[in-house]
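TrEMBL has this to say about the protein:
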TRANSMEM  53-73  transmembrane segment
TRANSMEM  85-104  transmembrane segment
DOMAIN    188-458  domain 'Sulfatase N-terminal'
BINDING   196, 236, 407, 408  Mn(2+) binding site
ACT_SITE  236  active site
BINDING   355  substrate binding site
């Protein structure tokens, strides 16, 4: 009995900690974390006083069991009901179980719409956890609103009708097209840094008064800064999926984590490798986490992660990986080697320091290690400043484009299912010898980054990207796509369409302001646009229309 009480208390506290991190009850994020027990366990041990918590829970369990022991003993010794009574009780329990299986699903009693926090609090965390084993990938065609293929095909061709592009696929839902960028092709190096959990709101130049990002604030004036830029999702794998493949966040797991179906795509790295680049994914942690090794190695990259680095070259590490300084040091070494070999490079980095337990080398900044996210943000900024200072001394610096973008924000939970203002992230593109500084206010998201970079290089290529080249002057309607595993959104700069399981359709007018929610129908133009993006993306993945076809790729 004491053990049972302890387990119940433990689950309650574990769910409270999960809520503190993600703003929701247990879902299949928790299931995913079971796969990476070492990282998660070490993170918990470094972030919380686990020993004290377990001791308190054990003490409470003992006290409660002593208080109720007599009542439980009396109940156990009570005479059994009659045979008919036992039979009737068993029948009622079976009937109740059958009704529950038939009518209760992963969304009960939460429903759709209203206050997301209230719905999460009303749900059953342990049930959500076990249901997630079954529902960690959702078939769009089965669970979401659809439109006739001809209609969504026409809509998507309007969305992607950029100048100098021509659709080449035979299937109406195939978005493959030939991109003919104007200008003479060039092959500058690219260092693409994906920063862990960096919300746009942390920038001093965006109004934060804590002086956490002096280096990024300075960089904003020295390069291109996109001030209306959004993440597609809430997890690292979603950010990497969008940046690398330029696809919307289809329901369920990201493509990165769809084991056995995560490779063979026409990725950014694959496109650049085809024209002679050394495409390398450089990760501060261990690449098996979130299936990153398989995803990147299967899509045109070679992988360098914490396991590839000698211990003497790692000066600080925590549960998630080596400090950002060590990661950048590896990037400098890789760049030096490629420059010596006269080979252009794409170094796509993923940092880890701006993550709980928020620990980093002492003496770098004026906030002690392990004192919360503010310190981690400031250390992240410090490491970027040091990296750029070191890079400026390199012979390859003048011919290199540096990109800094977040994988997602520090927290995207809110009263709405998709609180769009909580998806805002920074994007910097810096190359003082190649690109003039400017501030760009065009609405955009992570799926636009890959085609924009290839556009900067003036490369012609075969595209399966859902994103747009942000440097082209087009009349295409603005949009960003955002999601959170189940709810899928399209934001046009003012209003937000949301697609939900069981064919749910809603819109939020004035989504960045009062955000007034209302039910919608599929003939609403905003809803039609959203359905087109997600229906075509899901169809393309399912029917393998997004794959790399080197025989059709232009050299």
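Quick reminder: no glycine exception, Cβ is built from N, Cα and C everywhere.
Shown on the structure are the features that TrEMBL records.
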| residue | record | CB count, 10 Å |
| --- | --- | --- |
| 196 | Mn(2+) binding site | 23 |
| 236 | Mn(2+) binding site | 25 |
| 355 | substrate binding site | 23 |
| 407 | Mn(2+) binding site | 27 |
| 408 | Mn(2+) binding site | 27 |
Enumerate the residues of the same chain, 196, 236, 407, 408 excluded, that satisfy the criterion Cβ within 8 A of the mean position of the Cβ atoms of the recorded Mn(2+) site; list them in sequence order.
194, 195, 197, 235, 239, 240, 350, 406
Residue 408 (Mn(2+) binding site): secondary structure state under DSSP, collapsed to three categories:
coil
Using the alpha carbons only, what distance in Å do you get between residue 407 (Mn(2+) binding site) and the residue listed as 'substrate binding site' once rounded?
12
Of the binding-site residues 196, 236, 408, which sits closest to residue 355 (substrate binding site) by Cα distance?
196
Based on DSSP, name the secondary structure state of residue 196 (Mn(2+) binding site): helix, strand or coil.
coil
